[in-house]
Each structure stands twice: as structure tokens, then as C-alpha cells.
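Novice: Quick one: structure below, then a few questions.
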Amino acid sequence: MTTAKRPLALLILDGWGYRENTHNNAIFHANTPVLDRLNAQYPHSLISGSGLDVGLPDGQMGNSEVGHINLGSGRVVYQELTRISKAIADHEFEQNPALCDAVDSAIKAGGAVHIMGLLSPGGVHSHEEHIEAMCRMAVARGATKVYLHAFLDGRDTPPRSAKSSLSHFDDLFTTLGHGRIASIIGRYFAMDRDNRWDRVSQAYDLITQGKSKFQYDNAVTALEAAYERNENDEFVSSSAITDADGQVATLQDGDALIFMNFRADRARQITRSFINPDFDGFERAVVPKMHFVTLTEYAGDIKAPIAYPSENLVNTLGEVLQKQGRTQLRISETEKYAHVTFFFNGGKEEPFEGEDRILINSPKVATYDLQPEMSSAELTDKLVAAIESTKYDVIICNYPNGDMVGHTGNFDAAVKACEAVDACIGCVVDALAKVGGECIITADHGNAEQMTDETTGQAHTAHTSELVPFVFVGRDATIDEGGKLSDVAPTILTLIGEAIPAEMTGKPLIHIKE
């Protein structure tokens, strides 16, 4: 007979930061009686999820991938943004073997170098400085046909801010004497991660066939036309950009295609559409035989050269739990499932022994402000059942609402999202109390606490650099101040009576009173 477990649950409230300023602060304005009560009754503090504390450049806002890697690994992990920017500054980037091979193969075949990625200074999924370095390197190596397929942001940047980036790259190509912007499309289409293949297919057809809803002779003109159609950057319809002869640039046999996003979750689907021989997400009219390179590792089953392979993280929380014969559950909606599994496990796809996973489908709506509660009720039902089963030592759960609805810029919807999560937490805490369990409530980064850009007056759809909550609902304890996300895994191990491995440099934040 299996011994009943007294589970320790880590509840990650995605996009839930703390901000003193209450103006357009959806979390402050939401009615959250459960969290209010827990903060009044139990020890709590604020911890850091941004900048140097998570291995990002100083002042850089945190994000979900980075947050979960730090949460699960128990150490500050040097992030891809910093790593690649350093390689560019040190002139190592221009000698990267995978990138050089791709450019050289296209030149040798008489083909073109196609560069695609999120053209943004946001630093969450990509950085336009990396894309510029790639364009410069391609031309320096002798490429005369260099085509940029720009995915537009408006989510980790202000909703209408792409013009300066497009103008800069127009000027860059003029200076280089070769290359041009070949297409633009919003990230809503090109970077879907929820198996909405009808969106991804529009980006694929744009790049491979030049098939587009609109066609212009200049990228800035195309963007301005999109704004006239009331499309913000994120939602810009497929737009092919023609050359002086009215021709579009499409991916052909013998070309190279270099994907410049460094974050994996929103890069996987479109990558698979280009390289998987048995791909069945949508009908591909053409499948060019080309040299495809990814900037970083997107998934174990994606077989393509990688410019910057992942650094191997050992003795993450999941691995330590496995070694100690502990059971664990990972649970979230589609939107954050990769975060509580792949990213939390330090970039490992396969579950650890004793690790179960539950995926709840996110609602099929165009944007989550249309259903701010998302699938939180179903998620909570499954989570409560798992707690009551007493099968698990540790449960990792992510509620995506604060982040996913925060990204829409819709204040009223974000308030509803926060209220939905609060009600769910009440159910979870009650279930834990029944079985003698405990929980830590925290977040990976901020978002919903700032819904308007105080400078521009536009909707603030990006993450923030605010501190995030850290609450312990359990035994009588004290909590250290000044913590960061990498302190969470060591804290969990201490609470369940396991030793902290040497690889974890984080410190336990919770101290049980004797």
C-alpha cells in the first residue's frame, strides 16, 4: 500500500508582479480576498525575477522561460540574450560554425540567405541587435542576396513601435549595399505555440511562396497600412515586400534559412513546419530543400544545426526529486505547459522518473481578454484531485492568466483574470489543508500590475521588472528578504527534508520555527 503524501505545491502565478503605483494596476484593483487573507495570515516577502538576478542584462525585464529555468534549477542561469550579445561584442559570433556554414552553403549554391525572427528590441524571444549582426555577417562573407523576414512584436514592446526597427533595417541594408526586408507579419501568426496551425501557415506561405494578404514596395509603408487597418504590430497581416522590379523574395532550394529567435517555446511550431519531413499541421504547397539553422536549441526532436547549443544543467529540482525517489506533478494550461516541464527541467524534454504531467487545453479564443479566466477552473479541478490523491511529494503548477491576459493590454479583462486566479488559489489551499500539505505562492515575472505605459499612454503589454510575491502557506516560519527566483528550488528541498546539491547556488528563504 502506497503511503499517503503530504504534498508541497509551488503555485506560479504567471505575470503577477508587485507595484507600488496603483494606477492601471490590475492586480491591485482586482478583488482578491484569498490572497489578501493569505498575506495577512502567513509569512511573505518579495523576490526578484529580472535582470542580473536571473542571468539577464541589468534592468532587463524577466520572462517566463528565464523565470522557470531559474525556478527549477536553483541557480542563476546565464541567459541566451546575454550569451549571444557577449559573443557579438567579442567578435565570436561572426565565426560561429553553424552560422558560417549556412551562409557559405547558400553562396556556393548561388542561393539566398534568408533571416527570420522577431524584429524587436524586447529581448524576450530575440533581439534586433542579434539580427543586425547576422545581416552584417552574411554580407561580410559575400552574400549578395540577403532577405529579412520580420516578425513584428507589440507584445514585449509597445503595441505600435515597429516603425523605428523597420526604418533602421532599411538604412542598414542601404549601408551594406546588399539585402532588404522581404516580408513582415505579426508574431500572432508566426510565433503561435498553441497548435493553431492556421496562423503559422500564413507565415510559412509568406516566406516560401510570397503568398500574402497584402503587398507593398516598402516595409514602413506596409506597417503604416496595417495601422490604418487597425492592426497593431503583433497582429499585422502577412505582407510581402517587393523589390524595385516588383518581385517578391521567397525561400528556394539551395537557400539558407536562419532563425534568429533564442527563446524556444514560440519558435518550435514554425521550425517544425520548415524541417519535419512528416509534418502534418497544414498542407505545405512547397517544401524547399534548404540549409536551416536555429540560433539556440528549440526541442530535442528538432533536427537542425544549432548555433548556440544549450548548456547542460544538472541536479535541477526535478532531477534531485527523482534521485531521492520522490514523486512530482507538473500541471498547467497549454500556454505554459512547456514552462513547468521543459524549462523548469533545465531544457530537458523527457519527464523524470516519478514525474507525472497534466496538460489542460487553453481556450480556443483569438485573444485571452475574450476569456480572461482561461481554463483555470478545469486546471484547478485537476490540481485539487491530484492533491487529494496524496500521490505526490511536490506539485508544480502555473496559472497563466496574469501574463496571457496582461499581454492583451485590456485592463478590465486583466482584473477579471486576477480574480479568477484568486478564487482558484482558495480551492487549492483548502485542498492542501485537508491532506496536511503546504504551498509556496510566487510568480515568474511581472505583467498585470502595469497595464498602461505611463510615458506613451499606450497599453502596456510587456512584462515588467517589478519584484514578485513569495508567500508560504504552511507551518509557522520566517522568510528571508532579498530573495530571487533561484532561491525557490533550494527552499523546496529544505522544506521536504532533502539536501541541496552543490550545483544549486540559491539559498533557502523559508525557515521553520522549532
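Placed from the backbone N, Cα and C atoms, the Cβ positions cover glycine too.
Computed from a predicted structure; not experimentally measured.
Found this in Swiss-Prot, in case it helps:
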- Ser64: active site, phosphoserine intermediate (ACT_SITE)
- Asp14, Ser64, Asp444, His445: Mn(2+) 2 binding site (BINDING)
- His125, Arg155, Asp156, Arg187, Arg193, Arg263, Ala264, Asp265, Arg266, Lys336: substrate binding site (BINDING)
- Asp403, His407, His463: Mn(2+) 1 binding site (BINDING)
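Map these features onto the structure and tell me what's around them.
Specialist: The Cβ of Ser64 (active site, phosphoserine intermediate) has 29 neighbouring Cβ atoms from other residues within 10 Å, across all protein chains displayed.
Under the three-state DSSP scheme, His445 (Mn(2+) 2 binding site) falls in the coil class. All chains included, 28 other C-beta atoms sit within 10 angstroms of the C-beta of His445 (Mn(2+) 2 binding site).
Non-local contacts of Arg266 (substrate binding site) by the CB criterion (under 8 A, 6+ apart in sequence, same chain) comprise His125, Arg187, Met191, Asp192, Arg193.
Within the same chain, the residues at least 6 positions away from His463 (Mn(2+) 1 binding site) whose Cβ sits under 8 Å from its Cβ are Gly15, Met61, Gly62, Asn63, Val124, Asp156, Asp403, His445, Gly446, Asn447, listed in sequence order.
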Novice: Roughly how many Å lie between the Cα atoms of Ser64 (active site, phosphoserine intermediate) and His407 (Mn(2+) 1 binding site), rounded to a whole value?
Specialist: 13
Novice: To the nearest whole angstrom, what is the C-alpha distance linking His407 (Mn(2+) 1 binding site) and Asp14 (Mn(2+) 2 binding site)?
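Specialist: Counting only the Cα atoms, the answer is 11 Å.
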Novice: Using a 10 Å cut-off on Cβ-Cβ distances across all protein chains shown, tell me which of the binding-site residues (Arg193, His407) has the largest neighbour count.
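Specialist: Within the set of binding-site residues, the most crowded position is His407.
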Novice: 10 Å Cβ neighbour count around Asp444 (Mn(2+) 2 binding site)?
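Specialist: For Asp444 (Mn(2+) 2 binding site), the 10 Å Cβ neighbour count is 32.
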Novice: Which one of these binding-site residues, Asp14, Asp156, Asp403, has the sparsest Cβ neighbourhood, judged by other Cβ atoms within 10 angstroms?
Specialist: Asp156
Novice: How would DSSP class Ser64 (active site, phosphoserine intermediate) in three states?
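Specialist: DSSP assigns Ser64 (active site, phosphoserine intermediate) to helix.
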Novice: Among residues His125, Arg155, Asp156, Arg187, Arg193, Arg263, Ala264, Asp265, Arg266, Lys336 annotated as binding substrate, what is the maximum Cα-Cα distance? Answer in Å.
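Specialist: Pairwise Cα check on His125, Arg155, Asp156, Arg187, Arg193, Arg263, Ala264, Asp265, Arg266, Lys336 gives a maximum of 17 Å.
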